[in-house]
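As recorded in Swiss-Prot:
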type	residues	note
ACT_SITE	Glu254	active site
BINDING	Gln11, Glu71, Ser140, Gly144, Thr145, Thr179, Asn206, Asn228	GTP binding site
BINDING	Glu71	Mg(2+) binding site
SITE	Tyr449	site 'Involved in polymerization'
Amino acid sequence: MREIISLNVGQAGCQIANSCWELYCLEHGIQPDGYLTEERKAADPDHGFSTFFSETGNGKYVPRTIYADLEPNVIDEVRTGAYRGLFHPEHMISGKEDASNNYARGHYTVGKELIDQVLDKVRRVADNCSGLQGFLVFHSFGGGTGSGFGALLMERLSVDYGKKSKLEFCVYPAPQTATSVVEPYNSILTTHTTLEHADCSFMVDNEAIYDICRRNLGLERPNYENLNRLIAQVVSSITASLRFDGSLNVDLNEFQTNLVPYPRIHFPLVAYAPVISAAKAAHEANSVQEMTMSCFEPNNQMVKCDPRHGKYMATCLLYRGDVVPNDAHAAVATLKTKRTIQFVDWCPTGFKLGICYQPPHQVPNGDLAKVNRAVCMLSNTTAIAEAWSALSSKFDLMYSKRAFVHWYVGEGMEEGEFSEAREDLAALERDYEEVAADSMEGEEVEAEY
């Protein structure tokens, strides 16, 4: 079978994972103690479990996941929370002192003591898989553990499991709402380290998701749980085709083949529709056409950037629920007639479709309305370079004065790493510019004839 191991690093990673496992359990009919619900037992056997869960001899399902954090608080909440019976206690690994928002602590000093223990557990989970497909790594860019330890883990996974795909879900620092001053440092250092190790990185930024929750769900003050439940829907959609059947199934390697034109340009933009509150759901038709269109509106995208300023290189549309291929093709045909959505000229077709028949599930008493179909869009667009340039300029402001650098150097980092990471990111921005520019030159040539 095609198993996936989820690795959750730091506070953001662990809290997103909580929402994800809550959702997977609902989708597969697994109770918080790991045993099946009565109606699930009565239904046809479900073979999709094994992607995310391993079955023990007595019919209990255990998630194939590892929680790792350098401080115990967040993981202790899981250990005492509603799902404490679900997870394997040895797969919850927490240290004693946190990384204090410092990449160097997560990557060099504190993280170094925990990494072997984590990799040992990863090895045990991996040995339990018959056909491991790859890893999903959840972490934030801004925190110390997420950035430092996350990067260290990615490096070591490349050494131990070179050929397996590694997909990242990264919480990118929001442009306006920062949780720490040194986020730009941590983000650029971790991007530089993981750039060559990740096959595909799905970025989400808190501010964009806050706005989606406020606008579409009518929540005045969304909390992290609201945000994470929305992210969980996206993660679930991306992996749904591995777990349920459908007419167009997509596996992890297929994403990379279709979304990543060059190894470094692997940061797709994520959008999800419909995000709608229960009060409004009854008034919406929620047709395939509408859902597909709303994915291309900047308001529904999970990183603050404007795709109308960039060009699309490739787009994956993953439908769930009551969708027939004919409707999906019609929706895409309509999209292609719109002038607002521009593709680079070296990639004329550009759409990859996936359809999975399992309708989306919602958490009971959650904010999202129950809908019979949904779509998740992953698109590789040159507009995401806006996010990088915003981050780089913040980095430059601080680094020009060498502000806060002593904290990193004090933990054994070299100052040269900062400039090296910054140059790497500048190169990444240039890569994006060149991809967009290639198509510009083509247009000028055509105009002359």
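Glycine is treated like the rest: Cβ placed from N, Cα and C.
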Pairwise over Gln11, Glu71, Ser140, Gly144, Thr145, Thr179, Asn206, Asn228, annotated as binding GTP, what's the top Cα to Cα distance to the nearest Å?
22
Name the one residue among Glu71, Ser140, Thr179, Asn206 whose Cα is closest in three-dimensional space to that of the residue listed as 'active site'; these are the binding-site residues.
Ser140
Give the helix, strand or coil assignment DSSP yields for Ser140 (GTP binding site).
strand
Count, for each of the recorded positions Glu71, Glu254, the other C-beta atoms lying within 10 angstroms of its own C-beta, and report the residue with the smallest count.
Glu254
Of all the binding-site residues here, Ser140, Thr179, Asn228, which one's CB has the most other CB atoms within 10 A?
Ser140
Whose Cβ, among the binding-site residues Gln11, Thr145, Asn206, has more other Cβ atoms within 10 Å than any of the rest?
Thr145
